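Undergrad: So TrEMBL lists these for the protein:
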DOMAIN    B:26-501  domain 'Cytochrome oxidase subunit I profile'
TRANSMEM  B:32-52  transmembrane segment
TRANSMEM  B:64-89  transmembrane segment
TRANSMEM  B:110-128  transmembrane segment
TRANSMEM  B:148-170  transmembrane segment
TRANSMEM  B:182-210  transmembrane segment
TRANSMEM  B:230-253  transmembrane segment
TRANSMEM  B:265-283  transmembrane segment
TRANSMEM  B:295-322  transmembrane segment
TRANSMEM  B:348-367  transmembrane segment
TRANSMEM  B:387-407  transmembrane segment
TRANSMEM  B:428-450  transmembrane segment
TRANSMEM  B:470-497  transmembrane segment
Amino acid sequence: MGKSNLEMKTSTITTKNKEDHSSLKGTLYFVLFVGSFILVSWFAVFFLYLSRI
Amino acid sequence: MRQSNVVIDYKYDNEPDISVDPRDGKLGMVHIHVAFVAFIIGVFGGLLQGLARGGMIQLPTWLGYYQILTAHGVLLALVFTTFIIYGFFFAGMSKTHGTFSSRLRKTGWVGFYIMLVGTLIATVLILLNEASVLYTFYVPLQGHWLFYAALALVIVGSWISAVALLTHYFKWKKANPDKPTPLFGFMTTATLILWMVAGLGVAATVLVQILPWALGLTSEVNVLLSRTLFWYFGHPLVYFWIMPAYMVWYLVVPKVIGGRLFSSSLARLAFVLFLLFSIPVGFHHQLMESGVTEFWKYVQTILTFVVVVPSLLTAFSIFATFEQTAREKGGKGVIGWIKTLPWGDVRFFAPFMGMIVFIPAGAGGIINASFQLNSVVHNTLWVVGHFHLTVGTTVLLTFFGMAYWLIPVLTGRRFTKHANRCGIVQTWLWVIGMFLMSGAMHILGLFGAPRRTAYATYGDHPQALQWFEGIFASHVTVAIGGVILTAAGVLMFYNFIHLAFLAPKGHTEFPMTPDPVDTPNTPAYLENWKLWIGIAVVLILFAYTIPIYEMIVNAPPGSPPFNFLIK
């Protein structure tokens, strides 16, 4: 029974490691940054346009 | 079971590093020689231009501002890019699809020589001040007829080379009916089909409208139609530059960082979308022009925004590749893993800086394509700043990063540490110079400074004088950035000489990502070229038939030539 728990624990750790390896959290933040940059720069020029009409 | 993104210990590493056949390598290398000779002349053209425009020097009487502006644009944006792209394609297709047959290689040489003759004639005419019509060669500015004939030769030569490359790809496909084609061939094919379909527009205006007019056979030219046909070609031209750069990002950079590409299907989908949506969008360059109804401008603007999608897919795909590879190598944290990337390797660093620059470059492109925002930036220096970020930095830095390994691969030399160090310095210089030059151009453009103009204070108008006095937003900053860029350009030319002629003989790896793990599951329809070409044609017919019909039937008054306007 104890051995089986150990096996389970090892398996959980391995899964955690694997999840960490396949994590795309950084990519998520990166694409959010890119999207925000596009929006901010677009609206900056749009407000410039509004101020000139 | 999930497969690792890291290449180490995988069967792929036991595969031999297939070199490029020396005969194909020679064909690839001659393209690169022409590219770098054009590059260094174009760089000095840019330097003189920046200094003259900033009022820091006065050009000698025998050298015109618009003459060097034309030389700079044609030699860098058209000649350097086209030749280095074909060099890359011939080398890469030989590596990934096997040696070219002697018949196809001969076809490639014929294409090369025709392009070379066209380039030489065009360059000589520009240097003789007989074709100072800028690199967009808009009518009714008129250059020597031979200049247009030479440009037609460049296009025709590139088509002949494209036939050689495409035949090589389809022969491989026929011989391996059950396998997905290597990504390099798939992407080359998408790019070349795009190039050939797009080239029809510029060929039509040059052969049917401009040449007869420049020869004096016709007295007037339909300016609106010519500009429309030019931009039918001109926007996909941008993708003809960027798609090979993306190929380096998708196929080479993952290998350089020790990983593999994130997904084959996603990469193929992105290239199919470029093929479909990068052509029927030319009107976003003509948003301020009369003669095109707002409906068709609107339709093409929508299609323009669709073509943003594959670039966003690329941003995700490449960053996901970085993250997965870095994490498997022990990288930790939300973004801490980025430290494990090979920052000291210029084969990674130069394209990476190109990617970073593409964020403001792409955002600027979306601004340009938005109707109201376009009215703020149209025909201003903002646009010049924009394309110096896109083609002048993102594409060029990626091609430089490629040159560091491609040249020694093709010349049988070693990519030396010295070249790597010079490359890192070169990349930094280019980025810093471009930050100053392009950044200042963007802001000056927002303040209304026009593009395509020589040094002028507009009768000492206070607003125009401000363009020379700002700390950052100043023509002087543009010129300083240009000087730094010239230093970077000279260093790059030195790197080219070093790697092509001086580096020790030896072996250099042609980095190519192992097949992504989803390769066996790549949907077959992604390779159905008949389908994609069919849809592309339908979209083009939809977006252009009625507006072009109206331009011909209700043609604006034709224009006589203006051939001494800016000489």
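Residue numbering: from 1, along the chain as shown.
Here the Cβ of each residue, glycine as well, is placed from N, Cα and C on the backbone.
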Undergrad: Taking 3+ C-beta pairs under 8 angstroms (sequence gap of 6 or more) as contact, is the transmembrane segment (B:110-128) in contact with the transmembrane segment (B:32-52)?
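TA: Yes, since the transmembrane segment (B:110-128) and the transmembrane segment (B:32-52) share at least 3 Cβ pairs closer than 8 Å, they count as touching.
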Undergrad: So what pLDDT does the domain 'Cytochrome oxidase subunit I profile' (B:26-501) average out to?
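TA: Value for the domain 'Cytochrome oxidase subunit I profile' (B:26-501), mean pLDDT as a whole number: 95.
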Undergrad: Excluding the flanking five residues on each side, which residues at least 6 beyond the ends of the transmembrane segment (B:428-450) place their CB within less than 8 Å of a CB in that stretch?
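TA: The answer is 50, 353, 357, 364, 376-377, 379-386, 388-389, 392-393, 396-397, 400, 463-464, 466-467, 470, 472-475, 477-478, 480-488, 491-492.
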Undergrad: Would the transmembrane segment (B:182-210) count as touching the transmembrane segment (B:387-407), if touching means at least three Cβ pairs under 8 Å and pairs must be 6 or more apart in sequence?
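TA: Per Cβ check, the transmembrane segment (B:182-210) does not touch the transmembrane segment (B:387-407).
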Undergrad: Could you check whether the transmembrane segment (B:64-89) packs against the transmembrane segment (B:387-407) - three or more CB pairs closer than 8 Å, residues at least 6 apart in sequence?
TA: yes
Undergrad: Give the nonlocal contacts of the transmembrane segment (B:295-322) in its own chain as ranges (CB under 8 Å, at least six residues past its ends).
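TA: Distal contacts: 5, 239, 246, 249-250, 253-254, 257, 259-263, 266-267, 269-271, 273-274, 277-278, 280-284, 286-287, 338, 341, 355, 358, 362, 365-366, 369-371, 539, 542-543, 546-547.
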